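Annotated features in Swiss-Prot:
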BINDING   G170, D171, R172, K173, T174, G175, K176, T177  ATP binding site
SITE      S371  site 'Required for activity'
Amino acid sequence: MSIVSSGDILKILKERIEGFDSPVKTSSVGDVVAIKDGIALVYGLSGVKFGETVAFSSGVRGVVAGLERDTCSVVVFGEDREIREGDSVQCTGELMTVPAGLSVLGRVVNPLGSPVDGGNAIVADSRLPVEAKAPGIMARQPVCEPLQTGIKTVDMLIPIGRGQRELVIGDRKTGKTAIALDTIINQKKTNDTADAKNRMYCIYVAIGQKNSSIARVVHKLKETGAMDYTIVVAAGASDPVSIQYLAPYAACAMGEFFRDNGMHCLIVYDDLSKHAVAYRQMSLLLRRPPGREAYPGDVFYIHSRLLERAAKLSDDLGGGSLTALPIIETQAGDVSAYIPTNVISITDGQIFLESELFHKGFRPAINVGLSVSRVGSAAQVKSVKKVAGSMKLTLAQYRELEDFARFGSDLDPSSQAMLEKGRRFMELLKQGQYSPLSVEEQVAVVLAGADDCVNGIPVSEISKFERGLLERLRAEHGGLMSSLSADIADDIKGKLLEVIRGFAASF
């Protein structure tokens, strides 16, 4: 009987183990040490990366937001009441992704990409990472195509181009969301006749809004037929702060699908003030040191890295665009606060809405003097440029003269005439909600004011005159109107002024 030594046994075992080729998948597993206010402290996840998605044994997911020597802090995306101390946590080795593509259009989803409209599950064309690097310098081209909002004041004086970041800023209840919704609704005119590549797809992101407000927005988009080309990403006020924080990044990833495939997308962030508050709350729970107004030191970076993803790509990369309309809410018109100044410095201009104008009945309540578009004028249509050239000067002179008149100063006849012209111009710029105008209609209306065609009409009758003029032009001068969409030749301008003066004389 032969004796087998321990060395032989070890050699045989080693050969057997080395010859064992069954695939084995290893993953890092840890345990929940503590869970509070949507933040889980996890021990034992060796090799986990910052920003990596982890899965709890209850099925809830989270993302790693802080790393220590033996533990990591995980932001929970969902209800933390389902998580208990001692639950196992597993690394996934993946980053956070959301569904993207044409199949998501017309749906209301949460920031995780799950439908919340009661419809069927979304079968996505692709899944894209929530956090993505913004396009570099050479990947971009200057803004060169206009994005029509349908709002006279914006399209004429503060034009927006495809790929621009234009801030909408103002106090609560001054019509910020109304401007964004009108812009989305106005895209229907273009989208009904354009092919898939030239359509303007839209994404509306509700951050920390009341569920009733989100429902009202969705209802209006459906009612106007705009939901067909729109995605609504909803993170309500009752959702965890982690979900509210994730919302704009998830929506931006959905918009990047269109941008990177040579298409065009408009994204509305409503609003980034609440997003900053959600991030502040999350950072304090993660025990990060607070700074000014208790915001963490990187609050500027969370918005800059988001808004830099909006761009007009070069033709080599398909020429697609992602246009951003971030909304910021101010307190008592204070634009010098921390978050407003941050976002103003990041964006390419701002549309400033004023409570005083709103309460006077001037709507949209846009303060033209404080509003600016730094890059959009390069994309303005030629016909619009020609008629809108003198508008800013006229309105600035009117504001100055109005201040003099308010103090009872006597004005000479020319100043009095300028004041009367300015009043009629301001009245012409008024516009009802959900009633966007085409470029041709805007050119006709502004031309009527610029060439003194409305001087003899009482200020109280200007709105009625505008409605009647547009009805006459649509019904009897369709050919003349269609020629205004690109440029306005002198003979066309003469014919249009003849029609306007004739209507004004018979009004």
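Cβ atoms here come from the backbone N, Cα and C positions, even for glycine.
Projection of Swiss-Prot feature records onto the structure.
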residue: G170; record: ATP binding site; Cβ contacts under 8 Å, 6 or more apart: K176, E329, T330, G333, F352, L353, E354, S355, A365
residue: D171; record: ATP binding site; Cβ contacts under 8 Å, 6 or more apart: E329, T330, Q331, A332, G333, L353, S355
residue: R172; record: ATP binding site; Cβ contacts under 8 Å, 6 or more apart: E329
residue: K173; record: ATP binding site; Cβ contacts under 8 Å, 6 or more apart: F358
residue: T174; record: ATP binding site; Cβ contacts under 8 Å, 6 or more apart: L353, E354, S355, F358, A365
residue: G175; record: ATP binding site; Cβ contacts under 8 Å, 6 or more apart: L353, F358, R363, P364, A365, Q433
residue: T177; record: ATP binding site; Cβ contacts under 8 Å, 6 or more apart: V217, D270, I327
residue: S371; record: site 'Required for activity'; Cβ contacts under 8 Å, 6 or more apart: L157, I158, G349, Q350, I351, F352
**Request:** Run through the Cβ atoms and count how many others sit within 10 Å of the one on K176 (ATP binding site).
**Result:** 26
**Fill in**
By a three-class reduction of DSSP, T177 (ATP binding site) is assigned helix
**Request:** List, in sequence order, the residues of the same chain other than G170, D171, R172, K173, T174, G175, K176, T177 whose Cβ lies within 8 Å of the centroid of the Cβ atoms of the recorded ATP site.
**Result:** E329, L353, S355, F358, A365
**Asked** Going by DSSP, is S371 (site 'Required for activity') part of a helix, a strand, or coil?
**Response** coil
**Message:** When DSSP is mapped onto helix/strand/coil, what comes out for D171 (ATP binding site)?
**Reply:** coil
